[in-house]
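Okay, structure first, notes after.
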């Protein structure tokens, strides 16, 4: 601001460094943020004005959904035209301008007055990518990433600091709205002066280069002329006559920003999913819910941890599994671990920092997709071309590296939980490998899935290695530091994909565990009924109808059934090698030893009742166990599935009913991979989002009060 004498006066500014704005953007819960992202993703139109684009909107346009349209703000037209006119006026006056009358980068000392020819050469020499033969060796960027990049580039150019013509932005918008996607090379950018090599192919398409290709709405291959005609751009191709047609299209990192936006949309959803999966893990493992108590996390102060714990606390609050587990913990408490293992007990502390990192990265990318990243920047108000470095993609490379590390940490936790879940030494009574068949010798359940999980986890941990520390000096040492943003974003996209493989496999395993707890409860009930019936028939009265001392054994016999893991004997409940029969006999023997002088009398001896009890039980128990199993399989169980009384039920219901999965056994043809594939596809399509959020619909965004 200048006074009447022409001196610049410093104007008082609020939040001049934007720290307050950055902090304000993190207000509220992460879950609310994800809900807003999902709502934005589902809007039918994206209106671009240069400053309000979101990660979710970019992800939506990337999906090639015909139901969503891109609209340009007419209010931006004047600013874009003003900067374009300024460039033309500057050139007509003979002003020396970078990229208009000069060469590029390290060769900017060269000069020319042939602005159109210079732009044409810029696009030609940057067309240096390799595509491969598209069969065994395809090096084409995913079309979703290209669409995302086009959207981001339009948005940043709309702010009117780049010198480009508005009709170019309209042409790119029409390509998007007609589902016509330029073919870009997968590799070849260091995200220094933007993603120059890949983006040159977009410029090549709209200017009619013969090597330019696009993919049409039905997957057909189009040349430049066909692409522009189908997009109804109103012309065949754009002739390269403007001195600022090529450079503004290229000088920015929209490619990496588009991919980063897609990646972070999914990463945020996966972060919430990991919280809910950890809570379900606590349910099926009969975990102690006190690990979510708010005081513990309040004393640590980290918002991500506090929210993760509060979400898990909400799922576990009132859970039928937690209520049942409380009774188990009260039984023989001195013979059981006092606390759960780290993968369960410290899951909020583990997930909290990852959520904070992913959320911070999301905000950083949203600032970037609404930034002006060109060089030079055209300041029409001051009649200046400012030569700077906003094209440097360091915020993107760093945020992608950080996000990838967070994703790897989430995957590590899921693998640790999965490993406990399938191991009968740790899983509190579930069968080894989560086998559900009648014969464990012919059913190995999730053994293959565990091997696959180890593979996924190893790859994910490798992908966590940073990219940004591998910078090489480029372009004759002009681009001697560069962000490697797109490489990092590509690796983060791979990490998201691998984490989805892990999450889908883990969710199928959790549903298997839920059904096994359901089966376990019904089998135990059948065993208790059988023991009760046999005890009453064989232990209540003596040979002459008199009451027998053995009648007092029934309570201890039922206590044995409660204490023994059902799946430790369910395949052959009367086997002498399994613990049930051994401990039932021991309970009778203990009573006999306390029977004193009565044992000398055949009419009152408990020892003499043991054989009759065991023989009768062997005749009854296998039939009762099989009948209970059949009742569960046919949908007529004596005891309903507890999951229906839990807040985690919507996710289970979606996997079982929505996707048509089932309890896996060695007796059936269906394999674990088939079920995991269904869940993975649902994750990729986004259909898992609604049941996930349904689990948390009643959460008020705060922990339970400390009482």
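Cβ coordinates are placed from backbone N, Cα and C, and glycine is handled just like the others.
According to Swiss-Prot, the protein has these features:
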- 98: active site, proton donor/acceptor (ACT_SITE)
- 193: 2,3-didehydroalanine (Ser) (MOD_RES)
- 339, 345, 375, 447, 475, 478: (E)-cinnamate binding site (BINDING)
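Here the features listed in Swiss-Prot are placed on the structure.
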residue	record	DSSP (3 states)
98	active site, proton donor/acceptor	coil
193	2,3-didehydroalanine (Ser)	coil
339	(E)-cinnamate binding site	coil
345	(E)-cinnamate binding site	helix
375	(E)-cinnamate binding site	coil
447	(E)-cinnamate binding site	helix
475	(E)-cinnamate binding site	coil
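Taking the Cβ of residue 193 (2,3-didehydroalanine (Ser)) as centre and 10 Å as the limit, one finds 26 other Cβ atoms among all the protein chains shown. In this structure the C-alpha atoms belonging to residue 478 ((E)-cinnamate binding site) and residue 98 (active site, proton donor/acceptor) are separated by 15 Å. Least crowded of the binding-site residues (339, 478), judged by neighbouring Cβ atoms within 10 Å of its own Cβ: 339. Each residue contributes its Cα atom, and for residue 447 ((E)-cinnamate binding site) and residue 193 (2,3-didehydroalanine (Ser)) those atoms are 49 Å apart. Residue annotation for (E)-cinnamate gives 339, 345, 375, 447, 475, 478. The furthest Cα pair among them is separated by 59 Å. Of all Cβ atoms in the shown protein chains, 22 besides its own fall within 10 Å of the Cβ of residue 375 ((E)-cinnamate binding site).
Across the structure, residue 339 ((E)-cinnamate binding site) and the residue listed as 'active site, proton donor/acceptor' place their CA atoms 66 angstrom apart. For residue 98 (active site, proton donor/acceptor), the nearest of the recorded positions by C-alpha distance turns out to be 375; the candidates were 193, 345, 375. Taking 345, 375, 475 as the binding-site residues under consideration, the smallest Cα distance to the residue listed as '2,3-didehydroalanine (Ser)' is found for 375. There are 16 other Cβ atoms within 10 Å of the Cβ belonging to the residue listed as 'active site, proton donor/acceptor'. Taking the Cβ of residue 475 ((E)-cinnamate binding site) as reference, residues of its chain lying under 8 Å away and at least six apart in sequence are, in sequence order, 105, 106, 192. For residue 345 ((E)-cinnamate binding site), the count of additional Cβ atoms within 10 Å of its Cβ stands at 17 [all protein chains shown].
When Cβ atoms from all protein chains are considered, those within 10 Å of residue 447 ((E)-cinnamate binding site) total 15, not counting its own.
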